[in-house]
Structure formats: structure tokens, C-alpha cells
Amino acid sequence: MKLLSGLLLCSLVLGVSSQRWFSFIGEATQGAWDMWRAYSDMREANYINADKYFHARGNYDAAQRGPGGVWAAKVISDAREDLQRLMGHGAEDSMADQAANEWGRSGKDPNHFRPKGLPDKY
């Protein structure tokens, strides 16, 4: 746990560079909330073939917050995919999820992954 905390702190320090700390931390917090909201919506929707859309949407929304949001989205996405791989989920699906994550983080429209019939609420 100490190692993970240390790596997270180092990643934060390196990610900030000359950014103002409070701005970066605020963006990261809001970005993490955006990721949580997309995950919650995915669970609520429980819609077949919609996971890539929610991955892209969460990363997109977080990245719109600024560099802190991009950092939070990358850390959360990478940690989630690493955990999925450790639990034995397929590497192909993980790679597809990461592609959707990167798509959203780069500012591209997450609706590219939106499945037909997904309620407008999402």
C-alpha cells in the first residue's frame, strides 16, 4: 500500500510540472468524479455493447476539466484495466477498452462508441 501511495504521489508531482497545484488537484478531483459518474451510468444502463461508450465518455468528460482531469482519467483507466487483467479478463477486451479510453481522453467524440438504442438519458 505504501508503494502504491508513493507511486501515485510521484505520478501526481510529475504530472503537475509548472501547473498550479490547487488547480491541478481540483481538475483531478472533478475528473475522478466524471469517471465515477460514467461508471455509475454504465452499471445503471446495463446495456449490451455500451461499455466502450461509457469508457470513452468518462475519459472525455474528465479530460475536458484540464490536465488534472486527463491525469486522473489515465490513472483510473490504467488501474482498472490492470485489475481486470489480473482477474483474468481477456487481453483483447482490455485493449479495446484502452482504445476507447484514449479516444475519449484525446477529446474525440465518445458518441463514436454509442450503441444504437441506448436511452438518451446517457
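Numbers run from 1 along the shown chain.
Including glycine, each Cβ sits where the backbone N, Cα and C put it.
What Swiss-Prot records for this protein:
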- 105-122: compositional bias 'Basic and acidic residues' (COMPBIAS)
- 20-45: region 'Important for amyloid formation' (REGION)
- 87-122: region 'Disordered' (REGION)
- 1-19: signal peptide (SIGNAL)
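Long-range contacts of the compositional bias 'Basic and acidic residues' (105-122) within the same chain: residues 41, 45, 47-50, 52-57, 59-60, 62-64, 70, 73-74, 77, each at least 6 residues beyond the stretch ends and with a Cβ under 8 Å from a Cβ of the stretch. The average pLDDT the prediction assigns to the region 'Important for amyloid formation' (20-45) is 95.
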